[in-house]
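Engineer: According to TrEMBL, the record shows the following:
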- 1-29: signal peptide (SIGNAL)
- GLY54, ASP56, SER58, GLU70: Ca(2+) 1 binding site (BINDING)
- 54-308: domain 'Plant heme peroxidase family profile' (DOMAIN)
- CYS103-CYS304: disulfide bond (DISULFID)
- PRO145: substrate binding site (BINDING)
- HIS175: heme b binding site (BINDING)
- THR176, ASP228, ASP236: Ca(2+) 2 binding site (BINDING)
- CYS182-CYS214: disulfide bond (DISULFID)
Amino acid sequence: MAHKLFFSHNIASFIPFLLVFHFIPVVVSQFPYGYSQLSYRFYDWSCPRLTNMGCDGSVLLDDTDDMTGEKNAFPNRNSVRGFEVIDNIKEDVERFCPSTVSCVDILTLAAREAVVLAGGPSWQVMLGRRDGVTASQQAANEQLPSPFEPLENITAKFTSKGLDLKDVVVLSGAHTIGFAQCFTFKNRLFNFRGSGKPDPMLDSSALTNLQTICPNLDSSNTNLAPLDSGSMYRFDNKYYTNLMNNAGLLESDQVLTQDSKTAAMVNSYSMNSYLFWNDFGTSMAKLGNIGVLTGNKGQIRKKCGAINV
């Protein structure tokens, strides 16, 4: 319980990353199907207090002399936060259940609890994943969707992991929480696609506000702007309302309104928060079963930032 306030505030910038991008394991093709060994009650006997305390987890690994991990991959650098929250939870879990609960299962549960603490839905989480023993910055750079990519590229990256177009739209809704660095959308404010002018689709009041946060100077590149300015710490459907009003922050978000299929879903979620919540839980459960390690594969890390030696 002591972690809750710290957790709910600090995890906000981690959620969009956690829920949409790095939760898609970048080494999934090596271990395509392990979910059949997962269980909702995996720790009932070995660590019964787990859910009261608080992918393959490769993103948690720190760099070593032999491995350059994902934490400093281009999409994550100076952006992904909340690692210390996971580390603190892991310390507590190890105190009560040593060498039992994987970091990736903690990460999976943390994603759900973060959403609930932010006022969003809950969903059932299958457990029993084991931690990976390597990470790849190159794979992260190549396989993670970028805010500069067209919708077809982003969709292709999702479908290559067994997800579909609906999952793209639903899981993008995680951008109802958190922040983005100015360099990820500044081209929309001053020089959209080399035009020397702002993105004509961007709402004028949103444009003025963002130009204040992100002036046209290199020194503003790492400034942070909320992904959902109306409710940056609340998990709701305002992200979709923003898109309908042409006030989406990232080009990769706003582009969801430019395809007839995705635009119809955006419209539905903007009008029905319960529909969004239900579909979000379904997509998260689906996402959490992709590319997992189970059985004798991988390990149970003692510390999430390093493999066991």
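In case you wondered, yes, glycine gets a Cβ from its N, Cα and C as well.
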Engineer: For CYS182 (disulfide bond) and ASP228 (Ca(2+) 2 binding site), determine the Cα separation and express it in whole Å.
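Structural biologist: Computed Cα spacing between CYS182 (disulfide bond) and ASP228 (Ca(2+) 2 binding site) is 14 Å.
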Engineer: Based on Cβ atoms within 10 Å, give me the single least packed residue among the binding-site residues ASP228, ASP236.
Structural biologist: ASP236
Engineer: Cα of CYS214 (disulfide bond) to Cα of ASP228 (Ca(2+) 2 binding site): how many Å, rounded?
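Structural biologist: Rounded to the nearest whole number, the Cα-Cα distance is 16 Å.
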Engineer: Return the average pLDDT for the domain 'Plant heme peroxidase family profile' (54-308) as a whole number.
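Structural biologist: Reported value for the domain 'Plant heme peroxidase family profile' (54-308) is a mean pLDDT of 88.
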Engineer: To the nearest whole angstrom, what is the C-alpha distance linking HIS175 (heme b binding site) and CYS304 (disulfide bond)?
Structural biologist: 25
Engineer: Including all protein chains displayed, how many Cβ atoms other than that of CYS214 (disulfide bond) lie within 10 Å of its Cβ?
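Structural biologist: By my count, 24.
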Engineer: Taking 10 A as the limit, how many CB atoms besides its own sit near the CB of CYS304 (disulfide bond)?
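Structural biologist: I count 22 other Cβ atoms within 10 Å of it.
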